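**Q** After the structure tokens below, expect a handful of questions from me.
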Amino acid sequence: MDLPRGRKKFMQMNKTVHNLDLAITTPTIGTLKLNDECSRDKNCENIENSRCHLGYCRCQPFYAAYNETRCVESTMLGNDCYVSEQCSMKVANSTCLDGVCQCDDGYLQFRRHTCLTPAKPGQVCYSHEHCRLWDSDTHCDFLIPDLFGRCQCTAPMKRDGEICRPNNLVIPPVISSNNPTSNSNNYFDETTQIDPDSTFSPGNQPENNNDTAPTKADRHETTTLTAVSIGLRCTNDLECRMADTHSRCIDGVCDCAIRGNGSLPCGATRTGCPVGTFQCRGSGTCISWFFVCDGRPDCGDGSDEECASDQCPNQAFACKKSKVCISKAGQCDGRIDCPNGEDEEGCKNRRRCPEGSFRCNNGQCLPAYEFCNAVVSCRDGSDEPRGACRTRYRGHLLARNCPFRCANGQCRSDAITCSGRDGCGDNSDEINCSVCRCPAVA
């Protein structure tokens, strides 16, 4: 049926306007910039490492925007950079200065992955400089030589809360804590042996961290997702893929998309973290149990300091009466750390020490890290048997008595494992301190 001439002309004009409108509103591939509107990923394909998210061109997770036309990968300390966000995405308190990722003023670089905040008296430290960021009258009293210790006031100064004062200005506390155990520095002869009853009971087994991931806004998103590494609890696939692109959320736990019926070397039950270490939720980095619940975040997402709960990480000490968690290094150290003193309960029982502590041959109870840490702490010297801790393994020390066996044969405290420093002399304690990577999906 033929339309009247006027009606036909009107419809042709309307079609022309409609096509013109489409030409104006439809994104042109290859011309969009970051934050421009889009309808699908292909619209943003000219911007490397970008995607169309919620109707706008955005950078992929862990990529930073640069000049609206590029997404550059986040990086570590000491690496080249274009924008500060490249640095701060992976290392908190860092910035891009003169084209290189560096720590902000007032922070101390620790290897390539951490900018340390000032260490206050009593807190864990890695060097004298680390303590002096907070107070120039302090030093690092090493618990394990050249690895880490705790900040102490330098004589004649005395600690007064979080600062050091001249001794005559410090007001003594009304209630004093238990006297710390005395440390003997006397050497003993080569015949020192370990009593069969003097066993090391770490009580640390690798376990998934069941805490809910903290809400932390993504720098490019309007959502609150955060990365979750394999072996830890998840709510959706994206959380897992942010940590490992070949992982998925399977039965509430991040696991490799290819599981191979348990035959593959990497997966939720074989993450690669050494026994007793703590797995950071977002990065999958493994850290020493010594740092868990010590009051200072060592994981980039702070998951090692989620400690105000009755569900403590397996690598921490649970103060059951007050429902808080502290570092296991505080157990039987002679100082009350739990509000109700649970960390010192049973530590003067000379027949049996609490699980997780070390029992000297003379019955003295000490923190677990004291065994083979190169510092004599037992009054009888049984925590540092030379035949076991200072020479190659010769078969006279049972495996159950050795917390960590270095590749060179030395027996060391397992607190050195994934501490970020070489505690063995051959760096074998720092091998495999990140979770394994899932195999690529075909």
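Positions of Cβ are set from backbone N, Cα and C atoms, glycine also.
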**Q** Could you tell me which of Cys325, Cys332, Cys372 is bonded to Cys347 by a disulfide, according to TrEMBL?
**A** Cys332
**Q** With the disulphide bonds as TrEMBL has them, who is the partner of Cys433, out of Cys411, Cys418, Cys424?
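**A** When TrEMBL is consulted, Cys433 turns out to be bridged to Cys418.
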**Q** For a three-state summary based on DSSP, what are the helix, strand and coil counts in the domain 'EB' (67-115)?
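**A** Helix, strand, coil within the domain 'EB' (67-115): 5 helix, 18 strand, 26 coil.
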**Q** Helix, strand or coil: which one is Cys418 (disulfide bond) in, per DSSP?
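**A** Cys418 (disulfide bond) sits in coil per DSSP, no helix or strand.
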**Q** What number of additional C-beta atoms lies within 10 angstroms of the C-beta atom of Cys347 (disulfide bond)?
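**A** Its Cβ shell of radius 10 Å holds 19 other Cβ atoms.
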**Q** Which of the listed disulfide-bonded residues (Cys353, Cys360, Cys365, Cys424) has the least company, meaning the fewest other Cβ atoms within 10 Å of its Cβ?
**A** Cys424
**Q** Would you mind sorting out which of Cys347, Cys365, Cys406, Cys418, Cys424, Cys433 (the disulfide-bonded residues) have a C-alpha within 10 A of the one on Cys378 (disulfide bond)?
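**A** The disulfide-bonded residues passing the 10 Å Cα test are Cys365.
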